[in-house]
Amino acid sequence: MGTFETRSIPTLNIDTLAQHVRFLIISLPNNELSKFSPFAIEKALKGIGGSPKTVKRLKSGDILIETLSATQTKSFLLAKKFLGHSVNVSVHRGLNSSRGVVSEKELVGSSDTEILEELSSQGVTAVRRINIKREGKLIPTKHIILTFNSTKLPSTIKAGFLSCPVKPYIPNPIRCFNCQRFGHSKTVCRGKLTCSKCSVVGHSANDCTSDPKCRNCSQAHTADSKLCPQFKTEKKIQELRVRKNISYLEAKKLIPEQKSVTYAQTVKTCLPQSTQTVDYTTKIHCHTCCCQSVAPNQSHNKSSSSTTLNEQPSTSKVPSPVKSKTPGKSKNTDNSKQMKKAGKWETVKESKAAKRARILAGKRNQDSSLLNKQALNKQDFLKVPKNTSMENESDPPLKVYTSDEDDLSDMSTSDTDAPRPSSKSS
């Protein structure tokens with residue numbers, strides 16, 4: 001990608017430095033600062049320049065503070081004593097600067113040194129051009145990375161007669177070339193040498209012939225692949241770090257931990273689940289009106305005579321069709337159903353869901369058949385129904401007397417007082 005063309009920052013006075021610096025490091029000789037309590041440190045900070053915006057203790061024992069204004073920064077830079085010891089207040093190297101990207105075709109022919117000299121008056125301290133490698137040759141691009149001496153990135157810069165917009169630069173995640181982990185470099189790595197191709201400890205990837213396996217997510221790709229889920233997560237951490245101007249560890253805490261999902265697990269969740277549709281046909285005998293058996297298989301009742309069972313899609317149990325119950329015979333078939341297989345009937349235990357669906361279907365078919373039948377006329381009420389069982393012989397037949405004021409020929413089943421036929425589905 002190229003190297004940074006940097007320029008040493010000239011010696012600035014306290015007032016000019018305080019305008020750009022917001023992050024300071026306070027340290028005492030012999031790491032004496034780590035021995036003091038947070039209460040004593042807070043009182044000492046208030047005594048110098050007031051309470052800073054943020055105060056954090058580093059691993060080295062030093063204190064990192066973020067000031068609220070240029071006046072507070074100047075007060076801490078001028079401090080000589082802290083808790084009775086000689087204090088050293090220095091500027092943080094990384095947090096007091098920002099980097100942006102400028103893309104301009106007119107600057108392709110300009111060198112990095114020339115760009116740095118012309119833009120140094122606008123706070124640019126380093127310039128690096130992004131190069132791409134094709135056929136073994138480095139080709140310069142129009143994208144240039146600029147480093148500014150301020151935490152606030154400018155929206156535009158003036159490059160001669162050009163006004164170039166500046167976009168935030170999101171760097172790629174830092175990956176260790178020794179242990180292949182993210183978040184640190186090889187110079188500070190404490191791990192063992194790990195192959196970036198097969199993730200086996202003890203050798204490099206130069207002469208490796210094993211199958212690829214990622215060191216970070218254990219999937220079938222190398223550790224430097226940009227398709228790695230861990231690489232994408234680290235990219236989000238870098239973006240959050242740049243936009244909020246916080247450290248890597250602070251940005252990592254803000255990203256929720258995500259479990260990697262393999263390709264096999266994704267395919268397994270996308271497989272279609274089978275459903276089972278069972279049609280129930282109920283025959284209803286109306287003894288009062290001498291109606292024929294009604295089968296709810298008309299075109300307008302198909303939706304009500306079929307029930308889809310999605311509660312148990314993988315079961316092989318099929319409920320038996322509902323049969324009409326004749327008087328004088330009582331059979332308890334609520335907890336059993338029959339399934340015809342290989343020319344024989346096999347009794348299978350009926351589930352509660354199937355039983356509930358069967359009863360509801362029977363009631364629904366009964367109500368729909370009574371509502372959809374033709375209207376009764378006067379002759380239907382004058383007929384005496386035949387006795388179909390011994391229980392109905394003792395009941396007198398139903399007789400309807402007409403009058404001159406009532407016209408029964410225009411009445412429907414819902415307008416009469418005739419009793420509704422009783423039918424129980426087994």
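One is the number of the first residue shown, and numbering goes on along the chain from there.
Just so you know, glycine gets a Cβ as well, placed from its N, Cα and C.
Per DSSP, the domain 'CCHC-type' (175-191) is made up of 3 helix, 2 strand, 12 coil. Taken from TrEMBL, the feature domain 'CCHC-type' applies to 175-191 (among others).
According to TrEMBL, the domain 'CCHC-type' annotation covers 194-210 (among others). The average pLDDT for the domain 'CCHC-type' (194-210) in the predicted structure is 89.
Sequence annotations record features per position, and here TrEMBL assigns compositional bias 'Polar residues' to 296-312 (among others).
The region 'Disordered' annotation in TrEMBL covers 296-426.
Annotated compositional bias 'Low complexity' per TrEMBL: 313-330, in sequence order.
The compositional bias 'Basic and acidic residues' annotation in TrEMBL covers 343-353.
For 367-377 (among others), the entry in TrEMBL reads compositional bias 'Polar residues'.
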Practice task
Give the residue counts of the domain 'CCHC-type' (194-210) per reduced DSSP state, in the order helix, strand, coil.
Solution key: 0 helix, 2 strand, 15 coil
